[in-house]
Amino acid sequence: MFLAIDIGNTNIVLGIYDKGKLIKTWRMAADRNKTVDEYAVLIHNFFSFINLSFKDIEGIGIASVVPPLTPIFEQLCYNYFKVKPLVIGPGVRTGLKIKFENPREVGADRIVNAVAGYHIYGGPLIVVDFGTATTFDAINDKGEYIGGAISPGIGISTEALFARASKLPRIELVKPLSVIGKNTVSAMQAGIIYGFIGQVDEICARMKKELGGAAKVIATGGLAELIATDSRQIEKVDQNLTLEGIRLIYERNQAGN
């Protein structure tokens, strides 16, 4: 079996693959203060739900955008799984040509999304990932990663609003019935949700134009469903895109050994 580990700033997502098929995913908070052993206990508990043990895992791939957590999970793989993980980064075979001024600046999450997106949906393609930051990544019809855009994510944007505007209450991020709010809560929900929908649609429309007008738009990440339902640009939500990219890159590197 194969274990894909997606380490983000807010959450860590685990995916178990059996013969190339995703059979289970789990999500846990990304905590830089946790030790190797503490994370091992959490993973062991997850595994116990499906009668899985550490020794069942034959390969591990890691995509991380949190440098302090990367060595913790590498050590966890050595200590508990007795497996050397593939950490996706510079020097790893991805099968993706990166046409970026400095390819090393492109985050592992964006690379794996691009790899999986092009493999599954073809190109030209735009991948929108709703994480701590909202990222937009463009892949042309040749399967080349040509760049993208990064904006503050919905979560950190709303946190900034709550922190700076002391009279505004904390709210649940749900779509209001109307864009014209009738109270403070619904007005905030309208501004945040429809504001982000507008941002996504505008950036994607401009990217499509630069890509030649026919690009597909695929979304992933925690709040993708919330935004996609009213977006004029997003065609599909694929919540397993990042895990699938980790698996694909791992397999490409195994094939080359």
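Each residue, glycine too, has its Cβ placed from N, Cα and C.
The ATP site recorded in Swiss-Prot comprises Asp6, Ile7, Gly8, Asn9, Thr10, Asn11, Ile12, Val13 together with one of Thr132, Thr134, Thr135, namely Thr132. Of all the binding-site residues given, namely Asp6, Thr10, Ile12, Asp129, Thr132, those whose Cα is no farther than the 10 Å limit from the Cα of Ala108 (substrate binding site) are Asp6.
Here the Cα atom of Thr10 (ATP binding site) is found 13 Å from that of Asp109 (active site, proton acceptor).
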